[in-house]
Amino acid sequence: MCCSGEVYQVHVTTGDVLYAGTMNNVLIKLVGTDGESDQTLLYNKKGVSLGKLVLIEVEKQKYSIFPEDDWFCSKIAVTTPDGDSVSFPCYRWLWDREKVVLMERLSTMQVPYLSPTRWSVYMEGIPQCLKADSPTSLPAAVRFSFKKSTEFAFNNSYGLVFWTKFQSVIAKNVHHEHILVVGEHNYLQFPDSYVQEHWKEDAFFGYQFLNGVNPMVIKRCSKLPRNFPVTDDMVRPFLEPGTCLAAELQRGNIFLCDYKILEGLPTNAINQKQQYQAAPLCLLYKNAEDKLLPIAIQLNQQPGDLNPIFLPSDCEHDWLLAKMCVRSAEFCEHQLNSHLLRAHLLAEVFAMATLRTLPMVHPLYKLLIPHTRYTLQINHMARQVLISETGSFTQISSIGGAGISLMLKRNISARGLESVPNFYYRDDGLRLWNIINKFVQGIVCHYYSSDMEVQKDSELQSWIREIFVHVVSFSCCIPQSFSKVEEVVKFVTMVIFTGSAQHAAVNSGQFDFGAWIPNNPFTMQRPLPTAKGNTSQNTILQTLPDINISVQGIVSQFQVALGVYPEEYFTESVPCKLIKKMQRKLKGLSEEIKERNAELKLPYPYLCPEEVENSVAI
């Protein structure tokens with residue numbers, strides 16, 4: 001492009017995705033401190049004196065003889081007459097007659113910004129979400145790419161084949177006892193035979209509260225709840241010799257899993273059978289071997305003659321069924337609270353606020369947008385396919401959709417778990433948090449040198465206000481504004497961690513721990529036991545979900561690892577160096593975790609950085 005004899009070289013990059021190109025016209029305008037060019041086709045040679053280049057304006061227009069087709073622009077680079085190269089990241093689809101303003105850095109110039117996303121209330125009491133009728137009605141910028149859609153369909157087809165094979169094999173055996181008699185009927189190789197072999201063991205039962213798919217419920221117990229009347233005589237046989245319950249409570253060796261949030265929730269009927277849901281309390285003891293063992297289970301919140309406390313000394317089937325009732329409660333609490341509410345729905349609010357309030361040039365947009373990839377579509381699909389009135393989760397879970405308004409927000413310190421041994425979720429998670437925090441601190445401090453700059457950034461303040469208003473039940477945990485740089489660093493670290501590491505921790509192990517149905521019953525088909533001594537293997541078989549319910553599962557596919565940024569939103573040297581530094585730290589942590597896992601009988605890979613997704617994309 002030639003402006004008053006001065007040549008500006010414009011290099012446009014189309015995205016490396018299927019159907020990204022276009023046969024339509026692309027027009028561009030260069031805007032500088034001293035003037036602006038006319039809007040012109042890329043190959044046009046006319047222009048005016050611009051001065052220092054500030055921004056460019058891009059528009060796609062339908063060419064008369066060609067049909068309308070969208071264009072995905074990755075970035076536009078302009079070489080000025082002085083030889084300077086200015087990069088304008090885009091990484092979005094352009095529609096007909098849509099003008100997109102691209103800037104390299106923040107400017108005092110007012111830039112028009114309009115987000116195509118709108119809020120909607122899916123259900124009272126939970127974070128608000130994107131308003132959309134179908135995946136195809138989503139803005140193109142947030143929809144699955146062709147590659148993602150293809151992989152999603154392929155993996156779901158693979159999962160269907162797996163479960164169809166599972167169902168056909170089980171159908172030949174007819175009964176659930178072939179599931180329970182482990183080792184005698186190994187008719188299908190599961191992803192992790194460890195779960196098959198150890199699911200009945202108390203030590204593995206306890207292990208899963210720390211390093212299973214839901215490490216969010218367990219907490220240290222210093223005083224027993226009034227509604228859980230466990231006595232010393234009940235549990236003394238299961239403690240170390242010479243100690244008692246009061247002493248172990250004081251030493252910090254007693255832990256509690258309380259599912260009070262499930263109490264009183266209405267249950268579904270599945271296959272025309274009423275389903276049942278426990279709201280248990282489970283007491284665990286860390287012994288001298290650092291094993292976490294269950295020592296008492298009460299299946300409902302209100303104690304009484306019809307709500308006995310089950311103990312390891314009870315008959316084998318009584319104790320096993322009590323543990324399975326706890327595992328079923330774990331499934332519901334995990335899916336609705338830890339996974340759906342605290343990962344998916346929170347991540348959606350963060351993504352919506354980023355798209356609605358921050359222009360593409362804003363450093364916070366550049367920092368966060370990779371961590372919103374595909375979140376809006378995957379959540380929209382979840383609302384349609386999983387948690388609607390006719391969704392599959394509503395059909396397979398005993399509590400259906402009624403428990404979606406539940407929330408539970410705890411951190412490791414509040415739960416007293418700082419010193420619990422072999423707590424890999426904590427160990428790996430804290431190290432990941434620190435790496436993310438250092439990276440965010442570097443980026444934020446590069447753009448905000450003082451607290452006053454934070455306070456005066458109207459777009460940043462609009463972003464946090466948007467989140468505060470729409471998180472609903474989490475508003476007590478969200479600030480309404482930012483006054484200090486350190487507040488921004490802390491909050492943005494949490495946003496990235498939630499959409500990447502936290503989601504990975506509660507998502508990636510679902511198939512490993514849940515494919516073996518007795519270890520993770522979606523629902524219970526018989527009333528909860530109200531007395532001891534009445535449970536048999538047949539009772540347990542009748543309590544497990546029906547075969548056609550059990551074979552429904554989740555198969556996920558991996559997209560972009562944490563810290564990998566295929567789109568080059570940051571072009572300045574300092575942010576680019578910070579990205580490289582973070583990537584080196586993530587690689588080092590991955591190697592350390594893999595070395596540790598090689599020594600474990602049951603590895604914990606879910607927070608290994610190279611296994612953590614950048615965003616909530618499944």
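In case you wondered, yes, glycine gets a Cβ from its N, Cα and C as well.
If you look up TrEMBL, you'll see GLY21, ASN44, ASP69, ASP70 marked as Ca(2+) binding site.
Annotation comment: TrEMBL describes HIS339, HIS344, HIS503, ILE618 as Fe cation binding site. Note: HIS503 (Fe cation binding site) has non-local neighbours HIS339, ALA343, HIS344, ALA347, GLU613, VAL616, i.e. same-chain residues 6+ apart with C-beta under 8 A of its own C-beta.
Annotation source TrEMBL lists domain 'PLAT' at 6-108.
As annotated by TrEMBL, domain 'Lipoxygenase' applies to 87-618.
According to TrEMBL, the feature site 'Essential for stabilizing binding to COTL1' maps to TRP93. Other Cβ atoms within 10 Å of the Cβ of TRP93 (site 'Essential for stabilizing binding to COTL1'), summed over all protein chains shown, number 22.
When Cβ neighbours within 10 Å are tallied across all protein chains shown, the highest count among the binding-site residues HIS339, HIS344 belongs to HIS344. Report note: the Fe cation site is defined by HIS339, HIS344, HIS503, ILE618, and the residues of the same chain whose CB lies within 8 Å of the CB centroid of those residues, excluding them, are LEU340, ALA343, ALA347, ILE378, VAL506, ASN507, VAL616. Counting Cβ atoms from all protein chains shown, ASP70 (Ca(2+) binding site) has 16 others lying within 10 Å of its own Cβ. ASP70 (Ca(2+) binding site) sits 6 Å from TRP93 (site 'Essential for stabilizing binding to COTL1'), taking the CA atoms of both as reference points. Note: the CA-CA distance between ILE618 (Fe cation binding site) and TRP93 (site 'Essential for stabilizing binding to COTL1') rounds to 22 Å.
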